[in-house]
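Features reported for this protein in TrEMBL:
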type: REGION; residues: 35-74; note: region 'Disordered'
type: COMPBIAS; residues: 44-67; note: compositional bias 'Pro residues'
type: BINDING; residues: HIS284, HIS333, HIS399, HIS579; note: Fe cation binding site
Amino acid sequence: MDSISSPFLSGRNLILSPPISSSLPPISTPIYSVLTEQNVKKNTPPPDADSPSPPLPRPSPPSPPMPRVSSTRRVQPSLPARFFNAFDDLINNFINPPVSPSVDPRYILADNFAPVDELPPTECEVIYGSLPSSLNGAYIRNGPNPQYLPRGPYHLFDGDGMLHSLRISDGRAVLCSRYVKTYKYTLERDAGHPVFPNVFSGFNGLTASAARGAVAVGRILTGQYNPANGIGLANTSLAFFGDRLYALGESDLPYPIRLTPNGDIETLARHDFDGKLTLSMTAHPKVDSDTGEAFAFRYGPLPPFLTYFRFDKNGAKHSDVPILSMNRPSFLHDFAITKKYAVFTDIQIGINPTQMIIEGGSPVGSDPSKISRVGLIPRYANDESKMKWFDVPGLNLIHAINAWDEDDAVVIVAPNILSVEHALERMDLVHALVEKIRIDLKTGIVTRTPLSTRNLDFGVIHPSYVGKKHRFVYAGVGDPMPKISGVVKLEISQEERRDCIVACRIFGPGCYGGEPFFVPRERESSDETEAEEDDGYVVSYVHDENSGESRFIVMDAKSPELEIIAAVKLPRRVPYGFHGLFVKESDLNKL
């Protein structure tokens with residue numbers, strides 16, 4: 001969920017980042033400080049709700065903190081920049097200060113949500129088991145990591161994108177953390193202070209919107225930045241298609257990424273696919289492993305509110321397909337594909353600038369009176385003439401797990417947000433119920449089956465089953481969201497109505513991870529029979545809030561306890577983030 005960010009600076013090569021212990025300085029602090037662990041308040045971690053499986057191997061006590069060089073940038077701003085910085089401070093301190101905990105950086109960036117410095121490639125210690133050869137490649141996870149101390153309201157989605165890559169080769173692991181060098185990040189880094197407004201948290205109410213809008217226009221007119229070069233944070237996810245690896249955020253174009261042989265991360269130029277891609281692209285494109293094609297879309301507050309498009313196996317973009325039957329702006333974070341269709345959901349969360357200005361809320365908010373619907377368009381459509389919409393009241397999908405064709409029907413598997421009014425501002429109150437939704441294309445009848453009562457999100461499958469019928473889902477357990485206290489495995493092919501969880505791994509008291517990712521086991525020889533769908537590994541970063549240490553864990557996906565078969569102690573903590581990807585060594589060599 002991941003749209004907008006604000007960057008953070010490169011820095012020290014820490015052996016182990018110390019636990020977060022001190023408080024943020026006052027919001028009125030005039031110096032443009034880089035936000036570090038030293039100036040973020042620590043919250044007491046909540047107790048673990050249930051622990052059906054053994055905890056992770058206990059880490060060693062945290063190493064003593066390393067001496068830190070001051071992270072304050074003292075770049076002398078230009079006269080126009082000083083003027084608008086002062087105006088910005090006036091807004092943040094008097095007109096629209098962060099009085100609500102949902103936008104107060106002291107709360108949003110507490111504990112392991114606090115950002116970290118960049119980390120050059122650093123060798124890691126395998127402290128349990130051994131890394132299987134199928135993991136030769138890189139696990140990379142994206143997430144928000146603000147470059148500068150927020151001086152006003154801040155939302156988790158407002159942080160600059162940082163990639164945390166674990167390069168694995170023959171049992172060795174190397175961690176590297178680098179910012180995605182977006183236009184916004186590099187411009188603010190060179191300026192020495194924030195320039196772009198925080199879109200998710202900064203435009204609440206008429207007065208605040210007018211004031212911050214005036215500052216933004218003033219900065220543009222005085223040449224401080226050019227929005228045509230992109231305003232995005234690339235803080236949400238990654239995708240690999242057309243032999244390129246992209247860092248993605250849905251408010252901008254993709255940024256190609258390259259991993260060097262020693263494990264470092266390089267950002268290449270913002271990519272518009274030979275001028276064929278404009279404005280933005282979803283952070284959740286779908287890749288068909290059978291054809292190599294990728295399918296994507298963009299959405300926005302102006303018509304057409306939804307535009308669908310695709311890429312061939314070489315990464316060449318096809319023509320846009322405007323979806324004019326989407327008659328008002330909706331929050332379309334994710335979608336799904338089948339072999340025949342692209343599947344969109346028009347949910348009860350929408351983009352409403354008028355409501356934002358009048359009522360003082362977020363630019364994205366819920367509309368309980370709206371009837372949710374699902375739209376199906378042929379996946380190779382050249383226009384929307386054959387698109388069909390089906391009303392599905394109360395269906396609010398932010399993430400889609402998968403979809404497939406079944407006789408004269410389309411089946412969708414996804415977590416449904418039950419408390420939609422809290423989806424963006426109070427994620428800790430959100431409960432997501434994974435459902436199987438079946439749409440009969442002949443009768444229009446929609447059948448919905450809950451697959452578990454647990455609070456589950458960030459569901460993933462075997463990547464070769466995208467758009468095809470599958471049996472297994474691996475999902476994160478919200479405790480509460482966006483913290484993930486464990487991983488469950490669901491067997492969704494069962495016909496009887498019962499809880500579909502067949503395996504579970506809770507990380508242990510005070511331990512939280514993120515989105516799991518499934519990596520299939522590679523066959524050791526061509527004579528070996530084809531592997532089963534769940535023959536592979538589930539991987540994730542996990543942080544221990546008691547010790548301040550982070551680890552990379554590898555779980556056996558076939559085990560009923562999702563048994564941990566390997567654990568890597570990371571040289572410093574990895575903050576909680578959004579979505580990740582595993583890239584095989586053979587694919588890394590194509591970059």
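Backbone N, Cα and C define each Cβ position, glycine as well.
The Cβ of HIS284 (Fe cation binding site) has 21 neighbouring Cβ atoms from other residues within 10 Å, across all protein chains displayed. When the neighbouring Cβ atoms lying within 10 Å are counted for each of the binding-site residues (HIS333, HIS399), the highest count belongs to HIS333. Neighbours of HIS579 (Fe cation binding site), defined as other CB atoms within 10 A of its CB across all chains, total 24.
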